[in-house]
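K.L.:
The following block contains the structure, expressed as structure tokens.
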Amino acid sequence: MSALGRYDRHCDSINSDFGDSVRSCGPEQEELHYIPIRVLGHGAYGEATLYRRTEDDSLVVWKEVGLARLSEKERRDALNEIVILSLLQHDNIIAYYNHFLDSNTLLIELEYCNGGNLFDKIVHQKAQLFQEETVLWYLFQIVSAVSCIHKAGILHRDIKTLNIFLTKANLIKLGDYGLAKQLSSEYSMAETCVGTLYYMSPEICQGVKYSFKSDIWAVGCVLYELLTLTRTFDATNPLNLCVKIVQGNWAVGLDNTVYTQELIEVVHACLEQDPEKRPTADEILERPILSWRRRDMEEKVSMLNRSNKKPRTGTVTEAPIAVVTSRSSEVYVWGGGKTTPQKLDVFKGGWRARQVCAGDAHFAVVTVEKELYTWVNMQGGSKLHGQLGHGDRASYRQPKHVEKLQGKSVQKVSCGSDFTVCITDEGQLYSFGSDYYGCLGVNQSAGSEVLEPLLVDFFLNEPVDQVSCGDSHIMALTRSKSVYSWGCGEYGRLGLDSEDDVYSPQKVEVQRGLCIVNVCCGSDGSFLLTLTGKVLACGLNEHNKLGLNQYTAGIINHEAFQEVPYTTSLTLAKQLSFYKIRSISPGRTHTAAIDERGRLLTFGSNKCGQLGVGDYRKHLGINLLGGPLGGKQVIRVSCGDEFTTAATADNHIFAWGNGGNGRLAMTPNERPQGSDICTSWPRPIFGSLHHVTDLSCRGWHTILIVEKVLNSKTIRSNSSGLSIGTLAQSCSSGGSGSREEDSDRESLTSDPSRGFRGTIEAEPETGPFNTTENMESSSCPSWLRQELEEAEFIPMPDTPNFVSAESSQNGTTSMQDVRETPPDALEKPSFQACTCSTLQEEVRKLQDLVSTYRHEQELLCRENSRLALEVQELNGKLQSAMQMNQVVNKHGEAIHQIQKQLSLHWKSSPPSSGNPEMSREDSDAESWCFLGTEACRSSSGTPM
């Protein structure tokens, strides 16, 4: 299908969304859940709001367009952006996911770019020129995006630094397709004056037709700004600016001492006055300065986009349902002498937390914007070794952003005893803090302490998916499902079949056929979870905290107990094989696990009741918790020093074990009278109902994220009866030819930086009524006067069956002709009958036709099934016939052998007495009896 055909098809499908006033929620409709985070900005037509989509925990942007206060042209632009984006799929183009209609507000769901735009990037350079490699990296991505949209037959018409967005990994995303235009071929032209003045090509300024080469001019302007940090053309007013563009008077020259001549030639080629002499996007990519880097850059783009890439949850032909739930999100900490949960006011609103982790002496939090915050715990008193990553050893009591990771999207973080490790969206691993045991993974090449995040080069070609830290060792799971470990090797906690310390990542050999999906480190042991829910463990098994001990009881042998002190290689925890484990959390002396049914299992030491079984006795095996947790589905669990905290699906939080130093958030008044400081039964804590999204316990401390639902709203794509079907028709017709029919005007928007950054659209020709005196003297608003001036008068016949010959010839009558018509000729206006019923009848006929086709299709499917069965039956008969043929062939061969034997027998035997001829004939008849011939049958009836 051609690009134009796809454009029309998408336009019609989107129009059906807007045109239908009511549509039932069928079983095929998908329900998507969103949580608003913060407002990103305000535009001319509405707000841009950041949302978190709970299905995949991703961030998306909802672009709101208030349709009620827009002109028809502006509505068409909004619809046009959806149509264009739905056609384009490229790593350097803003991805479109969905659109919804809430009353009179159009909501467009787009990809979120957390690195701002190229305009802000240039401003923040502060006269510090970009490196040429950086410019080439940006240029390659921009031109790749332009090449994609041009191949789809789309003219962007508003390429500028404000519409070029970036991620924190410097991945370019070309956006804002509201002014984009679909052309029927590469030779088609457009003529409407649209775009931003600073980036307008000379042909647009001169009011002549333009093509895809106009976008190349804008690319040249963007490249010029990257090289000079200034506008290509600058002026105090629009007229002077257009003159400079047409004359080609650049603001400043290019410095060939900083940039190569090849790169400067690209600028000159793109800013060629003659459009025919400008290169295409593909020709720019083929230039030597980019071509020899192209493969590496394409691989880099693909790798950086891997974390952002997600399948579209719906197409424009579907009608998904959006469930928007407003939630309050808060972070609480307690322990270390603090018995009351303390709320951290830093993590709220747009800076809410998505992951938390506790270390022995510090906390770490990753926000929804994927920024890392660290600070010391409330206990304090411990010497710091740089595990906060702030470049010093200061004890920051409040959460502080790790500035050295600015520009990096931190996905996950894990804390050790005195070090911290985090991974980014690209799978890069950073470490900082103490390197005494080699936990930083750089072979102790950076010193005993690293105060700032340090990139571990080992994983540059092996992106990391998960990381977990013990007290003094680390395990990492890569995206290729390989497991690596390093650090202290005591008790074999690294799973490397030895107890040696390792200062750089070493691959852990996993049994063939096992797919590891999760790694988790305890204080001196490690766990690996497989795809089937099995558990592999290594390290110290004191108190059976790894679940490796074997305990059996029977009639003959009343008790059989096999203890495993420790293991240096990965060993299957057989006692856990009866369950399909979904998550596991090791503490210092015990471990808790959750199976696929949400049941909680505990094993290890029970000295302080941390197993939650209602007593303080020693338990040798695995304990399936009941009591207060009986029948509840546990969703989160974490183990600290001699205590356990768990959260359930019904929004309750439980804690049990050693309550000393505030570990259980239990004040003396809450403790039952006469009881000790420990509790062996899970007890609810934390007051009212809260949904826990993440939980971490370490030492005496607990940190968690809790959410409360404030309100919820369901948005259906077709919840409004607002119809803008004419907009879809105009979009579709606009893309079918080489000439645009746009005649709307858009006023020039102001530029906060003293310029003309905004987008304008103006028709070069003026209407015929600009000099009409009575129109000028009237109190009619200017916009309405303009609409009347450009309107056309369509005469309507008196009856639906009557068609004026003049109307059929002229089609429409201009307003000038109406003025010249005598008044008496206009006294009796005629009206055409409403054709809505006719259209409805046509729709019903089409629906009947579709139903007929569907019925015929079902019949064909049944017939195909029947024929398939017959073919299968015939194949079976054919196989039987072939087998019979083989049997017959074998019998024939046997008969042939018998014939040969008989022939030899008669030749070797002497002739019998009597008539020799008669004897020979009788012998022949006897021999043929083996064949069942007629001679044999006839002779058998003759008496001997």
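Glycine is treated like the rest: Cβ placed from N, Cα and C.
Fair warning: this is a prediction, and the values are worked out from it, not measured in the lab.
Copied straight from Swiss-Prot:
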COMPBIAS  768-781  compositional bias 'Polar residues'
COMPBIAS  801-816  compositional bias 'Polar residues'
DOMAIN    34-290  domain 'Protein kinase'
REGION    726-782  region 'Disordered'
REGION    794-825  region 'Disordered'
REGION    906-925  region 'Disordered'
REPEAT    370-426  repeat 'RCC1 1'
REPEAT    427-480  repeat 'RCC1 2'
REPEAT    481-532  repeat 'RCC1 3'
REPEAT    533-597  repeat 'RCC1 4'
REPEAT    598-650  repeat 'RCC1 5'
REPEAT    651-708  repeat 'RCC1 6'
K.L.:
What does the DSSP secondary structure composition of the repeat 'RCC1 5' (598-650) look like, as residue counts for helix, strand and coil?
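P.N.:
Split by secondary structure, the repeat 'RCC1 5' (598-650) comes out as 3 helix, 19 strand, 31 coil.
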K.L.:
How about the repeat 'RCC1 1' (370-426) and the repeat 'RCC1 5' (598-650): at least 3 CB pairs under 8 Å, pairs 6 or more apart in sequence, or not?
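P.N.:
Counting Cβ pairs under 8 Å (6 or more apart in sequence), the repeat 'RCC1 1' (370-426) does not reach the repeat 'RCC1 5' (598-650), since there are fewer than 3.
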K.L.:
What is the three-state DSSP composition of the repeat 'RCC1 1' (370-426), stated as helix, strand and coil residue counts?
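P.N.:
Its residues divide into 3 helix, 19 strand, 35 coil.
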K.L.:
Mean pLDDT over the repeat 'RCC1 3' (481-532): what is the value?
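P.N.:
Mean model confidence (pLDDT) across the repeat 'RCC1 3' (481-532) is 96.
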K.L.:
Could you give me three numbers for the repeat 'RCC1 3' (481-532), the DSSP helix, strand and coil residue counts?
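P.N.:
Secondary-structure breakdown of the repeat 'RCC1 3' (481-532): 3 helix, 24 strand, 25 coil.
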K.L.:
With DSSP as the yardstick, break the repeat 'RCC1 4' (533-597) down into helix, strand and coil residue counts.
P.N.:
6 helix, 31 strand, 28 coil
